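J.: Copying in the features that TrEMBL gives for the protein in this structure:
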| type | residues | note |
| --- | --- | --- |
| SIGNAL | 1-24 | signal peptide |
| TRANSMEM | 226-249 | transmembrane segment |
| TRANSMEM | 291-319 | transmembrane segment |
| TRANSMEM | 325-349 | transmembrane segment |
| TRANSMEM | 361-386 | transmembrane segment |
| TRANSMEM | 392-414 | transmembrane segment |
| TRANSMEM | 452-471 | transmembrane segment |
| TRANSMEM | 483-509 | transmembrane segment |
| TRANSMEM | 521-541 | transmembrane segment |
| TRANSMEM | 553-581 | transmembrane segment |
Amino acid sequence: MGRFGAVVFIALLVFLCGSVQVRSDGSDHRYKDGDPVPLYANKVGPFHNPSETYRYFDLPFCVPDDVKEKKEALGEVLNGDRLVSAPYKLDFLQEKDATSVCQKKLSKEDVAKFRAAVDKDYYFQMYYDDLPIWGFIGKVDKEGKEPSDFKYYLYKHIHFDIFYNKDRVVEINVRTDPNALVDLTEDKEVDVEFLYTVKWKETTTPFENRMDKYSQSSSLPHHLEIHWFSIINSCVTVLLLTGFLATILMRVLKNDFVKYAHDEESAEDQEETGWKYIHGDVFRYPKHKSLFAACLGSGTQLFTLTVFIFILALVGVFYPYNRGALFTALVVIYALTSGIAGYIATSFYCQLEGTNWVRNLLLTGCLFCGPLFLTFCFLNTVAIAYTATAALPFGTIVVIVLIWTLVTSPLLVLGGIAGKNSKAEFQAPVRTTKYPREIPPLPWYRGTIPQMAMAGFLPFSAIYIELYYIFASVWGHRIYTIYSILFLVFIILLIVTAFITVALTYFQLAAEDHEWWWRSFLCGGSTGLFIYAYCLYYYYARSDMSGFMQTSFFFGYMACVCYGFFLMLGAIGFRAALLFVRHIYRSIKCE
């Protein structure tokens, strides 16, 4: 039943995510000569600020007589898509030459709007038969050195080059005529006639491959070389770390085992030293165990979510410019996996002899969702103030609240009840003494923060090359499609995180510091802090983002993502450390 349920679950997700692409009204993408082909205008916005997008008709373009808004799926709305019927008519195989869209007198306010948009490098995005198209709305002539000498021009003539194979549209390219310009430099009324030209050309490219051109940029040889360099860099890191653990740690452990066995045979009253000395304290439950169990539950849920996202990516659900699918998948899978968080948190909390499991369950439910909700409230308010398409409509917010109320919360509670009734006991191979030993004074580099810095650096160094491409895709206009390489990097990240946490836990116990529970979690999760530090570097050194809205969106949502990484990798680090600690204390005899 379990395997069948998993298959049904994945099939449901593939169906949900596959159904959120930008659809042309029920069409099978086959057309006859003269048939209308759906063209939707999506949004406009500054090229360097991907979050700051506005509705197409927020700028004073030609408005068609019957503007129809397209109904969008949840993922499309979360992605900031707001599709409306475009003013151009691109019927199948119908060529047009310099056809007028409309004649318009731009008022001073309209000219100022267009000029501000041109100054910020505004682009427009449309969808023609599900194919994305872009173009810039104007250009700035910077012949003069002073900004007051700049000239601002609006493109008024658009060329559509459409390629077809039999009865199907395969490709569309958009060009703006560099000679057909409207001068917007001065604050005065301007008469303008917007024009468009349509040319049809036959191609042999099959319809099934029409999305390939959008994914080719990330598969170019020099890009692949960089990705493979990233993999090799990560593998070298793993091998070095594995070698370090195998030669140093295993040899030291072996010597420890021999020494402790010899001590038992030779002198019963000899004083113990090192990690054996604290065997009566090492399984003493951590402080704030309710919070610890909640962190472990949330981290495990986020790990499960990431694995499912990778499965969907590897089977090809997230093809280029189907970004809505990713957002839908994140919302749906997070809701469906909340039972895992409830089960793990409550069962572990009960193993730690916790009594108030209901409060623990509430804490688990709010630990990640709480900060995410507060961040969303602030950023949505900013987007509303900017009248940007990133502001979610009231209906979408209601849908998300309903999903949280009717799916996430009940599954969390069910998981919690199952965890409470699991009756699992904490497996400690040695008895815990009644009173804790005092931890000896340790040098500064044995402190929590220096240890976190050491623990986070190696996993981060294994992934930082790949991070640039992910950031350029999420916060830019590059396309990321090499999910197999990303999955390899993710596995390497998990291995390095587990290894470095185990190594640091051993050195902590060898220094007779038995408070390793929280330390192992914090050391495992510290990579999330390094990723956030990389966000600062990326924003100021590698991107051209600017403005309050884009800055707040970037740092706000990246804070949530890095916090998620912190919880997920913290759970991985603690689990690895727990396995290791159980193993070494099971291997020695303790009175």
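Cβ coordinates come from backbone N, Cα and C, glycine included.
TrEMBL annotations: computationally assigned, not manually curated.
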J.: With pairs closer than 6 in sequence left out, are the transmembrane segment (452-471) and the transmembrane segment (392-414) joined by 3 or more CB pairs under 8 Å?
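T.: These two stretches do not touch.
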J.: With a Cβ cut-off under 8 Å, give me the same-chain residues at least six positions beyond the ends of the transmembrane segment (291-319) that come close to it.
T.: 10, 13-14, 17-18, 211, 215, 325-326, 329-330, 333-334, 337-338, 340-346, 348-349, 352, 354, 360, 363-364, 367-368, 481, 483-484, 486-487, 490, 517-518, 521, 525, 564, 567-572, 574
J.: Using Cβ atoms only, state whether the transmembrane segment (361-386) and the transmembrane segment (521-541) have three or more pairs under 8 Å that are 6 or more apart in sequence.
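T.: Per Cβ check, the transmembrane segment (361-386) does not touch the transmembrane segment (521-541).
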J.: Taking pairs 6 or more apart in sequence, does the count of Cβ pairs under 8 Å between the transmembrane segment (521-541) and the transmembrane segment (452-471) hit 3 or more?
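T.: Between the transmembrane segment (521-541) and the transmembrane segment (452-471), contact is present.
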J.: Against which stretches of its own chain does the transmembrane segment (553-581) lie, if we need a Cβ under 8 Å and a gap of at least six residues from its ends?
T.: 51-52, 282-283, 295-296, 298-300, 302-303, 306, 367-368, 371-372, 375, 378-379, 382-383, 390, 455, 459, 475, 493-494, 497-502, 505-506, 509, 516-517, 520-529, 531-532, 535, 539, 545
J.: Short question: which residues 6 or more past the ends of the transmembrane segment (452-471) have a Cβ under 8 Å from it?
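T.: Distal contacts: 218, 226-227, 229-230, 233-234, 237-238, 241, 478, 480, 485-486, 489, 492-493, 496-497, 500-501, 504, 522-524, 526-531, 534-535, 538, 542-543, 569, 573.
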